[in-house]
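This report refers to the structure that appears directly beneath it.
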Amino acid sequence: MDSILFWLVPVASVLALCFAYYFHKQMMKESEGTPQMIKIAAAVRKGAMSYLKQQYKIVGCVFLGLVILFSIMAYGFHVQNVWVPIAFLTGGFFSGLSGFLGMKTATYASARTANAARNSLNSGLRIAFRSGAVMGLVVVGLGLLDISFWYLLLNAVIPADALTPTHKLCVITTTMLTFGMGASTQALFARVGGGIYTKAADVGADLVGKVEAGIPEDDPRNPATIADNVGDNVGDVAGMGADLYESYCGSILATAALGAAAFIHSADTVMQFKAVIAPMLIAAVGILLSIIGIFSVRTKENATVKDLLGSLAFGTNLSSVLIVAATFLILWLLQLDNWIWISCAVVVGLLVGIVIGRSTEYYTSQSYRPTQKLSESGKTGPATVIISGIGLGMLSTAIPVIAVVVGIIASFLLASGFDFSNVGMGLYGIGIAAVGMLSTLGITLATDAYGPIADNAGGNAEMAGLGAEVRKRTDALDSLGNTTAATGKGFAIGSAALTGLALLASYIEEIRIGLTRLGTVDLSMPNGDVVSTANATFVDFMNYYDVTLMNPKVLSGMFLGSMMAFLFCGLTMNAVGRAAGHMVDEVRRQFREIKGILTGEAEPDYERCVAISTKGAQREMVIPSLIAILAPIATGLIFGVTGVLGLLIGGLSTGFVLAIFMANAGGAWDNAKKYVEEGNFGGKGGEVHKATVVGDTVGDPFKDTSGPSLNILIKLMSMVAIVMAGLTVAWSLF
């Protein structure tokens, strides 16, 4: 029965890809509209594909170098699993492929969404949302397909005769974890590079176009407007997709490894197998129910932003309610130990995700008081807008942090049978909560990818000179997109926190494998006891490595981890500043030298701005990304396992809170500007509007570059630590 249930995993992944193809074909049948709309969409598509081509060249070089390094470690020094180089490549390939397919769909969907909005609001919403669903379903489909492929392959090729049955599953799951580093590395380049690109273009377009020249957003007279629209795709579609692909795979793989570890001492291999496949089955059922939720999203004509939010919320909530019922059914069919309470841990994960999403919506949507007050602060100039936005961002961290803390404790206690000493099952519960939060990713990512599609549709309508009624509809879709994008960032950050914690626990399992590979059969405890490495518990490893707050290596690692979050943000913020500076200079040059741009008599050189953003993003993304990869390796070689654990704890705790602050402050600044543009506090062109545009410009790298990139930093450092565990155990200095 259990083996039969497992086949639901590859079947669900293939079904997700089939529906993604169906939604893509349906979208492509729609008309792109007028010749001008087609021309604009083609320019955006060309710029986006040109950027991805350049990015993948650089990422390919980095991957080649890392594969050579992993091959030397695996086949030369034997401190790493022999499957790591290949697993690393497949993780990166599928992550990149999901971003490419999602972005290609988004660039074809924007003009079709704008054209559909000429007929009705519901038509525009349907095309934009179902095109976003292509991204969501491709991510979960490819992710789960990769996981099921590797499980079946490793189960067939890893010999059972050299291992006890329970140890074989531990080796399989820890080996599978390593392809997560490929996904993480690709995701970091996609997020950082895409974030730098989109914000360099956005800041350049806003500062010179809106503030200096006084022309509206997406005005065809602005030379940076095509680059700005390209940026929405490379940052918020390809970047977000790679980010959540990594979280999705990471949470499932980490939980499977923790499930194998929880039953490593048991003679019951059947129960261990059930614990390993449970997170995969929950994810598989989540795919099926996400598809149902996607089909349920529709709205009425003349809907307000709240009505549109309600439409998307209905689809997401429907999927969430159904996944709760389905989880209880699946785990009952599995007859997993303590299945009722483990099912409740899935509910905890979903609730944490909902709380974080609603909290983000409250603090960033112009429908609520915090953002409205932020708009009002513009009466006294841009300085108070920036001060108020920073304060709002800091206050907004409270609810998500408390929600995650409650989620960690609740899921730990539920899975462990309310026994804090049952660490193995407790950590498995935290992993299950992370899987629960991401189980409806098919539809939640659809709402995220919808945002940039709607934004591009609005830009297309503005540049093509469509009527006021069409602009009103695309503005409504765009305004909703800003909120769903902000909510999506909060969701991504929350999932990164739980996934990061599950990966942190999985690191100990990788240390066990590393010690075994080096021939360390027994562990000598500080109290004189000797424990078999193969049978050591999490607590035994903590005692063996003296992982306590009074250990200077742990403290040093924690400080370094906290520093990494700020160092990384500083590097990415400065990168945006430098790239935006080049863009500002170019836009000013074109206004100055190309006569007739502002009167509409001459067309700007859009391609030059696209090339500047592309070049700037490629140049600036390498250093932050390499530092994120090298930090865990250097810490491990100097301070050993203890220092790495401190680094991961410090990076997780500080990075999580800092990411929420930056994402919410940036989202609030963006929507404060939108609230003024709706006609409040003097409307467009007034002094309050100019002040909120400055706030929005400051917030751009907060919410679209540094904040979201921290999610990946948290997970990538854990993944690098896991992959390099053998190196740390073998060659650490202290």
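Note that Cβ sites are derived from N, Cα and C of the backbone, with glycine treated the same way.
The shown structure was predicted, so the numbers you read here are calculated from the model rather than taken from an experiment.
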From the candidates ASP419, ASP448, ASP455, ASP475, give the one listed by Swiss-Prot for the same Mg(2+) 2 site as ASN229, ASP232.
ASP455
Looking at the recorded positions ASP455, LYS703, ASP704, LYS715, whose Cα is closest in space to that of ARG191 (site 'Important for ion transport')?
ASP704
Cβ within 8 Å of the mean position of the Cβ atoms of ASN229, ASP232, ASP455: remaining residues of the chain near Mg(2+) 2:
VAL44, SER110, ASP228, VAL230, GLY231, ASN233, ASP236, PRO452, ASN456, GLY458, GLY459
Winner by Cβ pairs under 8 Å against the transmembrane segment (712-732), considering only 58-78, 275-295, 377-397:
58-78
Between 58-78, 336-356, 377-397, 491-511, who has the most Cβ pairs under 8 Å to the transmembrane segment (423-443)?
336-356
Looking at Cβ-Cβ distances, which residues of the chain lie under 8 angstroms from LYS199 (substrate binding site) while being 6 or more apart from it?
GLY231, GLY235, VAL576, ALA579, ALA580, ASP700, PRO701, ASP704, THR705
Between 58-78, 314-334, 377-397, 491-511, who has the most Cβ pairs under 8 Å to the transmembrane segment (629-649)?
491-511
